[in-house]
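Below: the structure, in structure tokens.
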Amino acid sequence: KPQLVASNDRFCRFLEEYCPVVTETYYPTIWCWEGRVQTLLRPFITSRPQVQYRNELIKTADGGQISLDWFDNNDSSYYPDASTRPTVLLLPGLTGTSKESYILHMIHQSETLGYRCVVFNNRGIAGEELLTPRTYCAANTEDLEAVIHHVHSLYPSAPFMAAGVSMGGMLLLNYLGKTGRDTPLMAAAIFSAGWNVFESVESLEKPLNWLLFNYYLTACLQSSISRHRQMLEKLFDMDLVMKARTVREFDKQFTSVMFGYRSIDDYYEDASPCRKLKSVGIPVLCLNSVDDVFSPAHAIPVETAKQNANVALVLTSCGGHIGFLEGIWPRKCTYMDRVFKQFVQAMFEHGNKIFSM
């Protein structure tokens with residue numbers, strides 16, 4: 001059974017009634033229960049639902065552009081009026097886009113409930129050009145704030161939630177910690193967030209984890225910026241950036257410099273959501289597995305979560321990083337997908353009951 005950590009009894013009762021999956025026993029797929037195996041296999045095992053997007057490029061205050069992929073769900077029978085159709089903003093992981101299988105599954109779950117989705121692709125990784133020498137990071141929330149304002153201005157009468165995965169979850173938590181209650185979002189779901197970046201990178205630098213994850217992630221980061229080399233060479237020694245062999249080295253040479261931090265330690269401290277959790281002002285459900293090498297169990301801020309009535313943590317003993325595979329042949333729905341579906345439905349359809357239970 002997952003461990004449900006929440007200081008607010010009303011929030012607990014709400015989840016138990018309207019999001020019961022968080023109290024059910026999670027049975028990981030028996031032949032790939034270990035966390036690293038779950039992490040590695042999910043992208044290859046899970047299906048990729050067909051989703052037709054409508055792309056929108058929005059301009060930013062600094063002259064850049066952000067690519068949004070919309071799933072409008074105009075055939076929704078539950079919410080035929082587009083102006084009031086519930087909207088879910090989805091934030092992919094570190095180098096992820098709207099094409100990731102876990103994003104496609106979230107959209108598929110939302111489609112069956114009649115909701116609209118919009119995917120926030122970080123700058124420069126979804127095929128669009130960089131118009132300024134700037135990409136993204138887990139600490140800087142300016143682009144996310146612009147996207148949330150833009151979506152809300154288009155549909156001001158529509159209930160509005162967000163869900164972030166891995167670094168997308170970290171970015172969303174950092175935004176919520178900064179804004180408190182001053183956000184158009186009514187609630188948020190966070191999956192496999194790295195709570196303390198120092199602990200995350202240290203875990204990923206252990207020999208086996210470096211071999212399985214860190215080297216590949218670093219190569220993905222380098223690949224995501226190499227297409228924009230001509231633009232980025234105005235500010236960076238790109239030859240040095242391309243020599244990085246760990247995420248930490250990449251962040252030291254590139255990310256922390258881009259966003260004006262004095263050192264990589266300053267950036268990692270600012271990027272760690274555990275520091276801002278106490279300031280979150282809307283209901284947030286966070287799912288982590290304690291065997292996730294990207295977010296070690298000892299770094300999950302259980303005590304801090306207990307001090308904020310808006311926060312609930314769901315901790316499974318197995319599941320890895322964005323894994324949560326279940327069933328003999330886990331092609332379609334994972335435990336994470338079920339948590340997402342039940343929580344967004346609970347909030348959109350019964351959210352007003354949280355504070356009256």
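Cβ atoms here come from the backbone N, Cα and C positions, even for glycine.
The annotation active site, charge relay system is assigned in TrEMBL to Ser166, Asp292, His321. As annotated by TrEMBL, domain 'AB hydrolase-1' applies to 86-327.
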Surrounding CB atoms that lie within 10 Å of the CB of Asp292 (active site, charge relay system), all protein chains: 29
Integer Cα-Cα distance in angstrom, His321 (active site, charge relay system) to Asp292 (active site, charge relay system): 5
Separation of alpha carbons, Ser166 (active site, charge relay system) and Asp292 (active site, charge relay system) (Å): 11
Per-residue pLDDT averaged over the domain 'AB hydrolase-1' (86-327), given as an integer: 97
